[in-house]
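See below for the structure under consideration.
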Amino acid sequence: MNENLFASFMTPTMLGLPVVVAIIMLPTLLFPTPKRLINNRIITMQQWLIKLILKQMMLIHSNKGRTWSLMLITLILFIGTTNLLGLLPYSFTPTTQLSMNLAMAIPLWAGAVFLGFRYKTKMSLAHFLPQGTPIPLIPMLVIIETISLFIQPMALAVRLTANITAGHLLMHLIGGATSILISISPPAALTTFIILLLLTMLEFAVALIQAYVFTLLVSLYLHDNT
């Protein structure tokens, strides 16, 4: 195979212009606004799933934290649909780009931390220095807790990027091996094709799980600061 292994992760362009904005806006077309008095089965199922996820996610939050419910449910729907659309042939997955994931993680993390310092100042500052810490260890613990706080958005972005990228690379490698083995050994090609089908099913699950994990961690950061 002479094809670049990472070619599918390159930003697509049309007439020399990036089309990432159009790709990012594409998932919004999958959630039409209901305009009828009685919804059809698809919209009813969609609303039921949204309410179920939102109820489970907002269960631990206070009234102040529940004001973020629209943002969190929008986030999980956006990441989930983007990951699923990235599994289609000849498609592009924006969530494989670390820059985009950081652009989602940093503002949400910063907003949650800002709320903590505004409404729970003492509790937020107490995280930097656990009670009963020996005096000689105070500077070291403050530095460690500060670093761990600023690593949180990086961990969010890297986790999503790594999981989605690893799955796509593995599917690309197994698919290439299957196409080569067809002319060499049909039984081996059939085996690798079955593995590819199972891996594709796994990637569908990973796409949804990673969207839920990303949003859940943002929700937990918000819960700790509200």
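In case you wondered, yes, glycine gets a Cβ from its N, Cα and C as well.
Whatever TrEMBL says is automated annotation, not expert-curated.
The model shown is predicted, which means the values in this text are computed figures rather than measured ones.
Features as listed in TrEMBL:
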TRANSMEM  6-31  transmembrane segment
TRANSMEM  67-92  transmembrane segment
TRANSMEM  98-117  transmembrane segment
TRANSMEM  137-158  transmembrane segment
TRANSMEM  164-184  transmembrane segment
TRANSMEM  196-222  transmembrane segment
Spatial neighbours of the transmembrane segment (137-158) not adjacent in sequence (6+ beyond its ends, CB under 8 Å) are 98, 101-102, 104-106, 108-110, 113, 127-130, 214, 217-218, 221
In the same chain, residues at least 6 away from the ends of the transmembrane segment (98-117) whose Cβ sits under 8 Å of its Cβ atoms read 64, 71, 75, 79, 123-125, 149, 152-154, 156-158, 160-161, 214, 218, 221-222, 224-226
